[in-house]
């Protein structure tokens, strides 16, 4: 019976048909993650807007000239025209205050306004707007109103924390002679309602009109049932991890073990609205929201009179114009074989990012090709005094009987050690090798090598994810291996339980099998621990660093956690070489 329970538990997680039940709403939220105060500007959790760039885990403003040149002219509230929407948003990001007004050129009479009517205070009421090319003001339809639109409207009115999720505007019997209202759709992170899409609808009375109460510090004192947003706003704990951006800064949706209702849970711990699933735009940084979308039915939009340009479509178009980096995708399909120590021989093309670092004694360490002329490896593998003696061997699967027609051998121009590398503790055990360029060539040519992608976020992969370690190391009986080996290992959450205070969680990653059957060993150092995302794109998640008793249970391998060094790597090799997103 016990074996049956274990088997069912395995099926539950492997086939993902079991739902996790949490005893309380608080159990949905990851407390350790909350302490990091992630928001919509945390590019470790979400993608930056196309007018932003990711630096040290935060989305910061681009300079206008860094935007794509193609686009349509837009007008800002200061009466200035911009060549593209991206340039206008970039300048607004740098100098908040001047907002988007309309798509197209500026006109003298062009004006957009939003106001609240029939409220007792200036923070509540029925929402009324005047569109740029309309002569009269109109109310917003209730049917289209959600927290997305409410937060944007309040932000537009100067309430920095958006809409109040607890309070409701109390409508009395009103006499409103209006047969039409405006349907509005926002993504939720706009800074003005003018950026949202408006269409015209018919209305039957004031009950069909949208109202809002904007959040103020005069709200009720918080209790234990409240969730505190990073921006200081309090919402009900029940509203966390439901796929709805109640906070306005998205902080209630970024540290979730699971999601409520029909919202979609990203592996990175983010909850997104169900309508973002299979909508043609990747919202999860791990990409799984756009996987398995064959036959996925999209919701047909009702035919109505569209009054404003779709600036969200323009945002998506700008994203499509950003530079694309090719990495982590092999030319041939990887063939999984029965499950380095306990590993299997690699075939040509299995590991096109793997390189061997050779000195006078042979291949002593592995490395990872990350693009251009750059190899990533472990600092403990190298000696600065031997820089010009090292060779980089690519497409090697057997270094006793190498295929000379396929192998490319490159020489090393310089080595960059991490400035805080500690040889005693293996902290910051990471280094870069720049290969020499041939003659007057601007770049290195490695025709059969494919760079592995460099991860920018520590949330791309999670404990228990299956990854691949490879190298020319020794077997557990210390027997030398001459052919490239690979094996599947699982990421392990925290190796302090195995290695005590010698394991530094921020800088190191653990991986192995619980029985020790597959492990990195002596000679594998500097080589890759690679993981694949939902789209089968390969990332170098770790660099083989150290461990004890290789191939033994409870002694998993320890790797340098590459995501922790994204900014260090990009500083030396150039951000365009390794940035897939947020550029």
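In case you wondered, yes, glycine gets a Cβ from its N, Cα and C as well.
According to Swiss-Prot, the Ca(2+) 1 binding site annotation covers 239, 242, 244, 246, 252, 253. Every protein chain shown contributes to the tally, and the Cβ of residue 253 (Ca(2+) 1 binding site) ends up with 28 other Cβ atoms within 10 Å.
Feature annotation from Swiss-Prot assigns disulfide bond to 43-54 (among others); the stated evidence is similarity to another entry. Within its own chain, residue 43 (disulfide bond) has 54, 57, 58, 59, 456, 457, 582 as residues 6 or more apart in sequence whose C-beta sits under 8 angstroms from its own.
In this view, residue 59 (disulfide bond) is surrounded by 21 other Cβ atoms within 10 Å of its Cβ, with every protein chain counted. DSSP assigns residue 59 (disulfide bond) to a strand. Residues or ranges marked as disulfide bond by Swiss-Prot: 48-59 (among others).
Its Cβ taken as reference, residue 61 (disulfide bond) is surrounded by 19 other Cβ atoms within 10 Å in the chains shown. Sequence annotations record features per position, and here Swiss-Prot assigns disulfide bond to 61-93 (among others).
The disulfide bond annotation in Swiss-Prot covers 75-106 (among others). Cβ-based neighbour count (10 Å, all protein chains) for residue 75 (disulfide bond) stands at 22.
In three-state terms derived from DSSP, residue 181 (disulfide bond) belongs to an extended strand segment. Look at Swiss-Prot and you will find 141-181 (among others) tagged as disulfide bond.
According to Swiss-Prot, the disulfide bond annotation covers 154-214 (among others). Neighbour count (other Cβ atoms within 10 Å of the Cβ, all protein chains): 26 for residue 154 (disulfide bond).
Take the CB of residue 196 (disulfide bond) and look out to 10 A: across all protein chains shown you find 24 other CB atoms. Summarising the annotation, Swiss-Prot assigns disulfide bond to 186-196 (among others) and lists similarity to another entry as the type of evidence.
Per Swiss-Prot, the feature disulfide bond maps to 229-247 (among others); the stated evidence is similarity to another entry. Sequence-distant neighbours of residue 247 (disulfide bond): residues of the same chain at least 6 apart with a C-beta under 8 Å from its C-beta are 162, 229, 230, 231, 233, 235, 253.
What Swiss-Prot records for 259-271 (among others) is disulfide bond, and it gives similarity to another entry as the kind of evidence. In the three-state DSSP scheme, residue 259 (disulfide bond) falls into the coil class. When Cβ atoms from all protein chains are considered, those within 10 Å of residue 259 (disulfide bond) total 22, not counting its own.
The Cβ neighbour count for residue 266 (disulfide bond), using a 10 Å radius over every protein chain in view, is 24. Residue 266 (disulfide bond) falls outside any helix or strand according to DSSP and counts as coil. Annotated disulfide bond per Swiss-Prot: 266-284 (among others), in sequence order.
Secondary structure at residue 293 (disulfide bond), taken from DSSP and collapsed to helix, strand or coil, is coil. The disulfide bond annotation in Swiss-Prot covers 278-293 (among others).
A 10 Å cutoff on Cβ-Cβ distances gives residue 373 (disulfide bond) a total of 22 other Cβ atoms nearby, all chains included. Mapped onto three states, the DSSP output places residue 373 (disulfide bond) in coil. Look at Swiss-Prot and you will find 373-444 (among others) tagged as disulfide bond.
The feature domain 'Kazal-like' is assigned by Swiss-Prot to 55-108, with sequence analysis given as support.
Positions annotated as domain 'SRCR' by Swiss-Prot: 114-212.
According to Swiss-Prot, the feature domain 'LDL-receptor class A 1' maps to 213-257, an assignment based on sequence analysis. For the domain 'LDL-receptor class A 1' (213-257), the model's average pLDDT works out to 90.
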Recorded positions near residue 75 (disulfide bond) (Cα-Cα within 10 Å), from 103, 252, 293: 103
Maximum Cβ pairs under 8 Å to the domain 'LDL-receptor class A 2' (258-294) - stretch from the list 55-108, 114-212, 340-574: 340-574
Other parts of the chain folded back onto the domain 'LDL-receptor class A 1' (213-257), taken as Cβ under 8 Å at six or more residues beyond its ends: 20, 22, 25-31, 33-34, 36-42, 45-46, 116, 123-124, 146-148, 151, 153-155, 157, 159-169, 188-189, 263-265, 269-274
Least buried by Cβ count (within 10 Å) of the recorded positions 141, 229, 244, 278, 284: 278
Residue from 103, 181, 214, 444 whose C-alpha is spatially nearest that of residue 242 (Ca(2+) 1 binding site), among the recorded positions: 214
When distances run from the Cα of residue 444 (disulfide bond) to each of the recorded positions 70, 141, 244, 252, 266, the nearest one: 70
Inter-residue Cα distance where the pair is residue 186 (disulfide bond) and residue 141 (disulfide bond), in Å: 13
